[in-house]
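Features of the protein shown, as given by TrEMBL:
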type: BINDING; residues: Ala47, His52, Gly159; note: substrate binding site
type: BINDING; residues: Gly48, Ser217, Lys221; note: ATP binding site
type: DOMAIN; residues: 4-240; note: domain 'Aspartate/glutamate/uridylate kinase'
type: SITE; residues: Lys16; note: site 'Transition state stabilizer'
Amino acid sequence: MVTRIIKIGGASITDKSQFEHVKLSNIDFIVDLFKNNYKNLILIHGAGSFGHHQAKEFRLNEGYITTDDYEKCRLGVCDTRRSLGHLQKYLLDAFLRAQIPVVGISPFDFLISDQFELIDETYKHLCQRLEILLSNGYVPLLHGDVLLDKTKHWRIFSGDDLLLKLAEHFHPRQCIFLTSVPGILQSNGNVIEEFYIGENKVDELKQQSTSIDVTGSMQNKVMIASDIVNKIDNCQVFIIQGVSENARQLLTSSSMDDEAFILHGSTRILKKT
């Protein structure tokens, strides 16, 4: 049923250095990529400068810490979600202007965790909702979110982690990370076009800053992309710059049937056969 799951990185559509600063021209460019190519598609967007500032201020990724003011942190949860909804509205407005039937879905409304582990039953409810939307021709647009946690009160659930969970359920033909950079970069600025699991050591990326230029968030993307390739047979996984002709070429090509397909100037995650 699902052909592609695509994560629109927050840094590709916002300026993370500024509070709630959206890049409208980037949103329009990315939305245009789907005008004639949105069937059997699930979209996820990151937070960028919307939500990250609040989540960092209230340390929401740690759950409730007893030394903190509970009421203040709970308001921080609400403000984080308000901010995420604000960014999603920009995207929904752009998709509707392009006459693409996108529907916003919040993981907060479905998912609950306990000790930071998702409760399976709540995840099944989310997938059932997505299946109904897809079968009726809609394009679900989800996002990284704050979730309620039975023990820790709340937690952050990233859009990258959500992509992995959805890929495990739907087994798409492609998973694509649209980012603010061309892919995984070497120290000389060149893109690693073929990142082989086991040869390029994911757990050494941070230490190998002299040979591979990655941030912590990029390292997490590579780890998740590697998990997808390992767990889902014949799923192509790319890390690619969202506002680029490479992204346009990838999303308008019929290359999903080509196991050896490599797009120059972006990164494909592969495993040795």
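Quick reminder: no glycine exception, Cβ is built from N, Cα and C everywhere.
Shown here: features listed in TrEMBL, placed on the structure.
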{"residue": "Lys16", "record": "site 'Transition state stabilizer'", "Cβ contacts under 8 Å, 6 or more apart": "Gly10, Gly48, Ser49, His52"}
{"residue": "Ala47", "record": "substrate binding site", "Cβ contacts under 8 Å, 6 or more apart": "Gly10, Ala55, Ser83, Leu84, Leu87, His143, Gly144, Gly159"}
{"residue": "Ser217", "record": "ATP binding site", "Cβ contacts under 8 Å, 6 or more apart": "Asp160"}
{"residue": "Lys221", "record": "ATP binding site", "Cβ contacts under 8 Å, 6 or more apart": "Asp160, Phe177, Thr179, Ile239"}
Using a 10 Å cut-off on Cβ-Cβ distances across all protein chains shown, tell me which of the binding-site residues (Gly48, Gly159) has the largest neighbour count.
Gly48
Neighbours of the substrate site Ala47, His52, Gly159: Cβ within 8 Å of the Cβ centroid, same chain, sequence order.
Gly10, Gly46, Gly48, Phe50, Gly51, Ala55, Leu84, His143, Gly144, Ser158
